[in-house]
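Asks: Reproduced below are the annotations present in TrEMBL:
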type	residues	note
TRANSMEM	12-33	transmembrane segment
TRANSMEM	53-72	transmembrane segment
TRANSMEM	84-108	transmembrane segment
TRANSMEM	114-135	transmembrane segment
TRANSMEM	142-160	transmembrane segment
TRANSMEM	172-192	transmembrane segment
TRANSMEM	213-234	transmembrane segment
DOMAIN	215-401	domain 'Major facilitator superfamily (MFS) profile'
TRANSMEM	279-297	transmembrane segment
TRANSMEM	303-328	transmembrane segment
TRANSMEM	340-358	transmembrane segment
TRANSMEM	370-393	transmembrane segment
Amino acid sequence: MGSSDFPDGGLKAWLVVFGGMCCTFTTFGYVNAWGVFQEYYQESLLKDSSPSSIAWIGSIQYCLVFLPGILVGRLFDLGYFHTILLSCSALLVLATFLTAQCTAYWQFLICQGLAVGLACGGIFGPTMAVIAHWFKKKRGMALGLVAIGSSIGGTVIPIMARNLIPRIGFSWTMRVIGFVLLATLCLANATLKRRLPPANVVGGLFNFRSFRSAPFSCYCVSAFFVFLGIYTMLTYIDVSAVSLGISVDISFYLVAIVNCSSGVGRYIAGGLSDRYGPLNIMIPLTSFAAIFTYSWPFAPNQASLICVAILYGLSSGAYMSLLPSPLMAMGDPSDIGRRLGMCMSILSIGALVGPPISGDINSITRGFQAVGFFAGDTILLGVILMTITRHLLLGRPLGRI
């Protein structure tokens, strides 16, 4: 299918982008706010549980945003987009209202971990796939705009939680968040439309022939290693700030600062990728994310920690927004849902185990320096594999891809 076959603009296409922003607001925006809940639970509701145990709630969210991709991607290709979107939207709102009633660790694990994660995964995967129906030349910009929704959500939700919990309590704060998600998801369901007809492509949930492609396999493994480390700082930056003696009033906002600055990185990266190629933008900026992850535990005071948070948000946001773009160019548009789903299922394992491993390292070493080295090393290994992917695609070290 040639570039001229894609609208790459127009009212319907940009409404799809708006709907995608609403979806990332309610999925990644919500999940990326986990650091605020991690700190609050450690200090209040779940103070008898270890940081690593609490981190499993957030890690399950991170994992399940991606893991259902293998199923929902295939269902998307078969034409069940709106069925998935509507049912998972209802589940996300219900799970958030149920979280308001939780008092025990296992209840939070089921409601905020499993249910929220599954719902977010059912919404996020098809949303990324439907963008590929409408954009090709401007795909990077479209994905960058869609990804900004997660930055807005990841900024607004922590600030809401920080200001509402002392005033109206945890339960009503979660209900307010639930109503915000309900309104946003109604807009998403009204504006997201697929353009291409369903295609019953050959094979089942997994197209194992795709793994015969060295670039595809290498890119999937690179994503696994990046996600093994990329959520560590977002999960523990609040906790590390409190350990430095920074007030809770300030530390609560660090997650919002990371997510806000990531919105700028997502938008800039989206525009640059259309000109220079997504991998050429992802490789250097993800390298910077690794460097700032190394730097994070060595920030000695509030000002330096805020600077690291801003710079990390800018660089990591670029990777997150462009993650699907190389995959979209590695095969036929009719198989995009399954291809995205396969990669997301692989990287979800890294997202699942990364933060708890970091929590255990923190508990053993009584500090965050070793945590920063672990997370930075895994991100950097992912960058090396992305560089190899580029070489495999081009047949040479450098070029637009």
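In case you wondered, yes, glycine gets a Cβ from its N, Cα and C as well.
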Asks: So what's the average pLDDT for the domain 'Major facilitator superfamily (MFS) profile' (215-401)?
Replies: 87
Asks: So are the transmembrane segment (213-234) and the transmembrane segment (172-192) touching or not, going by 3+ C-beta pairs under 8 A with a sequence gap of 6 or more?
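Replies: As far as Cβ distances go (cut-off 8 Å, pairs 6 or more apart), the transmembrane segment (213-234) and the transmembrane segment (172-192) do not touch.
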Asks: Below 8 angstroms Cβ to Cβ, which residues of this chain, lying six or more residues outside the transmembrane segment (53-72), approach it?
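Replies: Residues packing against the transmembrane segment (53-72) from afar: 27-28, 31, 34-35, 37-38, 41-42, 46, 84, 105, 108-109, 112-114, 116-118, 120-122, 124-126, 205-206, 227, 231, 235, 337-338, 340-345, 347-349, 351-356, 358-359.
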Asks: How about the transmembrane segment (142-160) with the transmembrane segment (303-328) - do they touch, taking at least 3 C-beta pairs under 8 Å (6 or more apart in sequence) as contact?
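Replies: Per Cβ check, the transmembrane segment (142-160) touches the transmembrane segment (303-328).
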Asks: Hey, which bits of the same chain come close to the transmembrane segment (114-135), Cβ under 8 Å, at least six residues off its ends?
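Replies: Contacts with the transmembrane segment (114-135): 6-8, 12-13, 16-17, 19-20, 23-24, 26-28, 30-31, 60-69, 72-73, 75-77, 81, 84-85, 87-89, 91-92, 94-96, 98-99, 141-143, 146, 185, 188, 192-196, 324, 328, 333, 336-337, 340-341, 344.
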Asks: Would you confirm whether the transmembrane segment (279-297) and the transmembrane segment (12-33) meet the contact rule of 3 or more C-beta pairs below 8 angstroms, pairs 6 or more apart in sequence?
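Replies: Answer no, regions not in contact.
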Asks: State the residues, same chain only, that lie 6 or more residues beyond the ends of the transmembrane segment (172-192) and have a CB under 8 A from a CB inside it; answer 'none' if no residue qualifies.
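Replies: Hits for the transmembrane segment (172-192): 15-16, 18-20, 22-23, 25-26, 30, 81-82, 85-86, 89, 92-93, 96-97, 99-100, 123, 127, 130, 156-157, 160-161, 164-165.
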